[in-house]
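K.L.:
Structure in structure tokens, see below.
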Amino acid sequence: MNTMLETPELPAVFDGVKLAAVAAVLYVIVRCLNLKSPTAPPDLIYQDTALSRFLLKSCPLLTKEYIPPMIWGKSGHIQTALYGKMGRVRSPHPYGLRKYLTMSDGATATFDLFEPLADHCIREDVTMVICPGIANHSEKQYIRTFVDYAQKNGYRCAVLNHLGALPNIELTSPRMFTYGCTWEFGAMVNYIKKTYPQTQLVVVGFSLGGNIVCKYLGETQANQERVLCCVSVCQGYSALRAQETFMQWDNCRRFYNFLMADNMKKIILSHRQVLFGDSIKQPQTLADADLSRLYTATSLMQIDDTIMRKFHGYSSLKEYYEEESCLHYLQRIYVPLMLVNAADDPLVHDSLLSIPRALSEKRENVMFVLPLHGGHLGFFEGAVLFPEPLTWMDKLVVQYTNAICQWEKNKSQCSDTEQAASSQE
């Protein structure tokens, strides 16, 4: 009798277990996708000046909510993974001409030049000089998408191909790109200034490229001549401070570190003959012991210590990171500077964001833009599931540079009016 009474209750118990399992799965999904996170305008840190007020009025994206795709867009990991694996959706194929520049040490720098496809908003000749992220080049989808959009807004674009990054271009000296070497970027900028003497420059850097362009501008005042403004997106500002966070497992940074190190190893080994060639004929080539340590490296820090720092003769990894970071050069930049990061960027630890925050609180030319979402160079937009081809990042950079161009034109017109008035007196 008791057995007969207990039997009907078993399905209810199983249903309870199923509901608990479903609830647990839903909880994990909500946490992983960060679905409860709100959408909001980006956090802005800046000085109250005439320029900043003009930018807030002229750049709606600075004060408008950034709305990522509803299902997955609030996850910095998914935004970063999609950027890393897919780049962009329906990426265009802008047509450009590849330029080759011979450096003093025999290296061959390359960059791609794209002419504007429309008139610029101020009817002036403006060139964007662009430095991509680590081991990236002009053929990456996120670069192609940005270049196409900039062209359609009247900008000429020059995109640096990091030394050794293009798979079909061989090295001509035993040296690759490094974290903060500005030689190739500087050569590209000088070419543009010489070839287009009337053009004004907008400097743009993504991730590692952000470090390079900021360091370049701060190295000497002459590098800022004819520069209208600079935009840096998703850089970490200090490699020395970042190296400790990159070895931590929280937010999966150690895993990202491993993946990027594996990619760097493949690029270095693809140039093995030049980098690890005959040390008698080429004294600057790396030793066989360096090659052995490279094979066992599992982090960017190990690769930097074994290979990268030796390209420029640094005696230690600490010296390499200190000298090649833009941290000590940011104070020397006097042109308008917009620094953009995402609060959920899994590669840039929150402690590193104190650098641009403190800078923008002290310097009138600096604006720090920090949206809640976007990951590392993701910033996808979209309604529910599928992202749009253009990202929030693409539109913000062009919108900001358009505003700076208009600001400079207004200043020039006011100056001309004042001169005319004074001459009449």
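The backbone N, Cα and C atoms fix where each Cβ goes, and this holds for glycine too.
Quick paste from TrEMBL:
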ACT_SITE  Ser207  active site, charge relay system
ACT_SITE  Asp345  active site, charge relay system
ACT_SITE  His376  active site, charge relay system
DOMAIN    127-383  domain 'AB hydrolase-1'
K.L.:
Please work out the number of neighbouring Cβ atoms within 10 Å of the Cβ of Ser207 (active site, charge relay system), leaving out its own Cβ.
P.N.:
23
K.L.:
To the nearest whole angstrom, what is the C-alpha distance linking Asp345 (active site, charge relay system) and His376 (active site, charge relay system)?
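P.N.:
Asp345 (active site, charge relay system) to His376 (active site, charge relay system), Cα-Cα distance: 5 Å.
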K.L.:
Within the domain 'AB hydrolase-1' (127-383), what mean pLDDT does the predicted structure show?
P.N.:
94
K.L.:
Ten-angstrom check, please: count other Cβ atoms within 10 Å of the Cβ of Asp345 (active site, charge relay system), all chains counted.
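P.N.:
Its Cβ shell of radius 10 Å holds 25 other Cβ atoms.
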K.L.:
Residues with Cβ closer than 8 Å to the Cβ of His376 (active site, charge relay system), same chain and 6+ apart in sequence?
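P.N.:
In sequence order, Gly76, Gln79, Thr80, Tyr83, Gly84, Ser207, Cys234, Ala342, Asp345, Pro346, Leu347, Val348 meet the Cβ cut-off.
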